[in-house]
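Some notes on the structure that comes next.
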Amino acid sequence: MEFVTAEQMREVDRYTIEQIGIPAVVLMENAGRAIAEEVVHWILRQKKTLSGEHWLVLVGKGNNGGDGLVCARHLADRGVLVTLLYVTAPDRLNGEAGVQQRIIEALDLPRIVYSDEAEGTPDWRSYTGIVDALLGTGTQGAPRGVYASLIAEANASGLPIVAADIPSGLDADTGAVHDPCIEAKVTVCLAFMKAGLTQYPGAKAAGEVIVRYIGIPPRLPAGLEGAGVMLTEESLQSELGPDLGRRREPDGHKGTYGHVLLAAGSLPMSGAGLLAAKAALRAGCGLATWALPASLLPHMLGAVPELMLAPVADGGTGGWGTAAAADELLRLLAARDVLAVGPGLGRFPGEAALLRALWEGAARPLVVDADALNILAAADGLAAWKRRDAATILTPHPGEMARLAGLTTAEVQRDRIGLARRFATEHGVTLVLKGARSVIAALDGRVYVNVTGHPGMATGGSGDVLTGIIAAMLAQGLNAVQAAAFGTYLHGLAGEQAAAVRSGNPASLLAGDMIEAL
Ligand SMILES: NC(=O)C1=CN([C@@H]2O[C@H](COP(=O)(O)OP(=O)(O)OC[C@H]3O[C@@H](n4cnc5c(N)ncnc54)[C@H](O)[C@@H]3O)[C@@H](O)[C@H]2O)[C@@H](O)CC1
Ligand SMILES: [K+]
């Protein structure tokens, strides 16, 4: 499912109205009716009858308010009591909203024009729910004036809120929430999913998001790019290529499915290597070799019998600081298909030289994670590193992304989609920006948002598992963006399934459980 920014949505609206010729007021009619239908659905899911319901519809000055008026009319026609609360004198509404205002006059619904006078303030206790039609995709900056007070009061009322298009106060492009922002139970998103609803905290403010058709064709007009695609089973197949769900060939052998080389682990974090390697095997690569500091080898023997171990001389330290390590890894890689580097690597003298040797010398797909990302960030950042010819996937969590991009974590989180896209295109890498709703950005600027996953996955080792899965996807012949997207999707799905097994308490989820669920 494609998602768009506010500006892209305006272009689609314009195209639909001007080129296709569907009048704007028709789209507004469809929008408002869709919202009313979802309000009715929501009520009936809670209590099986509409009787006793009295909804307050918050009407803003623009077209979002116009949607609210249509919604109010359809709710009233269904027998729901409705009161309209306007932020401005109703006769000041214009355009399509003005048309809707003249229509709704005939219904003579109770109405309040918001002000600080007693008659302009709603008694929130009189209502059973709220429709938020204050601000939509025309929002500029944080809600001001009466909008801000109304949003704060609506949230404080504790009433269920159904938002029209987006929760008022949400940045439709980034998912950042202004202060205040409506906290909705349901958001009825019109025509196209909005980018800001795909990312937290916006995704939380929106509650359940329902995208409704309003007469705008569901395919973007030719020549108009969307902001990205939500990863679903269907979009994985249609957007990323039909070979994703490939089955094993009847005459395939272990060589058919590729050989992952993993450079990972150090004395205090040997488990990271083990998890990544095991995940790679479970994700279907034919063979996996774990290159590890030689001192660890005796302790790892037999831990995963299917795994090959390649000890790298470590001078007895259990770490990676020796000069010969890079040559040894490149030699091992010559007979393997993919290199993944980073989980549990630690930080060590000569770290930048090691990573640079791999970055420049590995003529195979490379997955860079965890400490390897921090090494990259510390070594002047990516701008100083030459572009690799082979596929390169970076899998930072927000903290690692912040270090890579020279930002704070809060700045990273403020616009995850925009940042991921810029970073991937500027540096010629495929990026997986992790965290709830991981963002996958390709070199050409395409963006995918993953929706699988579970809060229980916020646990040590989860990222190591993802690295192993993505490396295994590359080994099986997927290209970088396919491997990153499909790997992230599978990782989330494995987390969901592992959590379901532990339904009593998802907090008890371990990274190893996700591997077993693969
Ligand atoms: N033809 C179309 O374009 C359609 C638009 N639709 C609806 O129209 C919405 C977009 O409508 P508009 O472009 O009129 O914009 P909005 O209705 O989102 O908001 C614009 C109004 O809010 C004010 N405003 C903007 N930012 C503010 C802030 N931070 N604080 C206080 N006031 C602020 C503006 O002065 C303006 O009066 C969509 O979200 C959707 O709900 C639907 O009716 C379907 C068709
Ligand atoms: K809204």
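Cβ coordinates are placed from backbone N, Cα and C, and glycine is handled just like the others.
Going by TrEMBL, these are the annotated features:
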type    : residues                                                       : note
BINDING : 63-67, 136-142, Tyr147, Asp165, Ala272, Gly344, His397, Asp464 : (6S)-NADPHX binding site
BINDING : Asn64, Asp132, Ser168                                          : K(+) binding site
BINDING : Lys434, Gly435, Ala436, Arg437, Ser438, Gly463                 : AMP binding site
DOMAIN  : 9-222                                                          : domain 'YjeF N-terminal'
DOMAIN  : 237-518                                                        : domain 'YjeF C-terminal'
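With a cut-off of 6 Å between Cβ and the nearest atom of ligand 2, the binding-site residues Asn64, Gly344, Lys434 reduce to Asn64.
In this structure, of the binding-site residues Thr137, Ser168, the smallest number of CB atoms within 10 A of the CB marks Thr137. With a CB cut-off of under 6 A applied against ligand 1, none of the binding-site residues Asp132, Gly344, Ala436, Gly463 are retained. Take the Cα of Ser168 (K(+) binding site) and measure to each of the binding-site residues Asn63, Gln140, Tyr147, Arg437, Gly463: the nearest one is Tyr147. A helical conformation is recorded for Asn63 ((6S)-NADPHX binding site) in the three-state DSSP classification. Each of the binding-site residues Lys434, Arg437 was scored by other CB atoms within 10 A of its CB, and the lowest score goes to Arg437.
Gly344 ((6S)-NADPHX binding site) and Gly463 (AMP binding site) have their C-alpha atoms 11 Å apart, to the nearest angstrom. A Cα-Cα distance of 26 Å separates Gln140 ((6S)-NADPHX binding site) from Ala436 (AMP binding site). The binding-site residues Gly435, Ala436, Arg437, Ser438, Gly463 include none with a CA atom within 10 A of the CA of Thr137 ((6S)-NADPHX binding site). Ranked by how many other Cβ atoms sit within 10 Å of their Cβ, the binding-site residues Gly344, Gly435 place Gly435 at the bottom. Checked against Asn63 ((6S)-NADPHX binding site) by C-alpha proximity, the binding-site residues Lys434, Gly435, Ala436, Arg437 yield Arg437 as the nearest. Sequence-distant neighbours of Gly463 (AMP binding site) (same chain, 6+ residues apart, CB-CB distance under 8 A): Pro343, Asp369, Ala370, Thr395, His397, Lys434. If you take the Cα of Arg437 (AMP binding site) and the Cα of Gly66 ((6S)-NADPHX binding site), they are about 32 angstrom apart, rounded to a whole number.
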